[in-house]
Every structure is written in structure tokens, then in C-alpha cells.
Amino acid sequence: MGIKILEKCVGCGNCVVFCPRRAIKTYGVAIVDENKCSNCGICARYCPINAIKVDTSL
């Protein structure tokens with residue numbers, strides 16, 4: 001369960017801006033802090049290249 005950043009991430013920073021928990025940083029590509037992430041999926045909605053996948057399986 002969680003957010004997965006795919007290899008095609010270009011580090012645009014949209015996910016960082018829109019994450020309500022401030023759980024994402026960019027260091028060339030996006031990195032998710034799983035301790036802060038609530039798995040809401042807002043970051044994925046704002047990714048212009050669909051490089052973020054939300055795993056909702058239990």
C-alpha cells in the first residue's frame with residue numbers, strides 16, 4: 001500500500017506543491033516520505049506525466 005513514483009518521473013515538482021501532508025520532496029525525482037504520506041492520491045492527480053501510482057490494495 002502506498003504511493004509509487006515511476007522511473008519516468010522528471011522532477012517537475014507538481015506533487016510537492018499539491019501534497020497536503022508535505023510528504024514529497026524532489027531530488028532530481030520525487031521521493032515520498034512514507035511516514036508522512038496519507039495515501040490520498042492528490043499528488044497523482046496533479047502529475048502531468050502520470051508518473052505516480054497509488055496502490056490501494058490491502
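The backbone N, Cα and C atoms fix where each Cβ goes, and this holds for glycine too.
Database features (Swiss-Prot):
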| type | residues | note |
| --- | --- | --- |
| DOMAIN | 2-27 | domain '4Fe-4S ferredoxin-type 1' |
| BINDING | C9, C12, C15, C47 | [4Fe-4S] cluster 1 binding site |
| BINDING | C19, C37, C40, C43 | [4Fe-4S] cluster 2 binding site |
| DOMAIN | 28-57 | domain '4Fe-4S ferredoxin-type 2' |
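Overlay of Swiss-Prot annotations on the structure.
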residue: C9; record: [4Fe-4S] cluster 1 binding site; DSSP class: coil
residue: C15; record: [4Fe-4S] cluster 1 binding site; DSSP class: helix
residue: C37; record: [4Fe-4S] cluster 2 binding site; DSSP class: coil
residue: C43; record: [4Fe-4S] cluster 2 binding site; DSSP class: helix
Most crowded position, judged by CB atoms within 10 A, among C15, C40 as binding-site residues:
C15
With an 8 Å cut-off on Cβ-Cβ distance and a minimum sequence separation of at least 6, pull the same-chain contacts of C47 ([4Fe-4S] cluster 1 binding site), or say none.
C9, C12, N14, C15
Check the domain '4Fe-4S ferredoxin-type 1' (2-27) for me and report the mean pLDDT.
96
How many other Cβ atoms are found within 10 Å of the Cβ atom of C43 ([4Fe-4S] cluster 2 binding site), counting all protein chains shown?
26
Using a 10 Å cut-off on Cβ-Cβ distances across all protein chains shown, tell me which of the binding-site residues (C9, C12, C19, C37) has the largest neighbour count.
C19
Check: same-chain CB within 8 A of [4Fe-4S] cluster 1 site center, minus C9, C12, C15, C47:
I5, V10, G11, G13, N14, T26, A30, C43, Y46, P48, I49, A51, I52
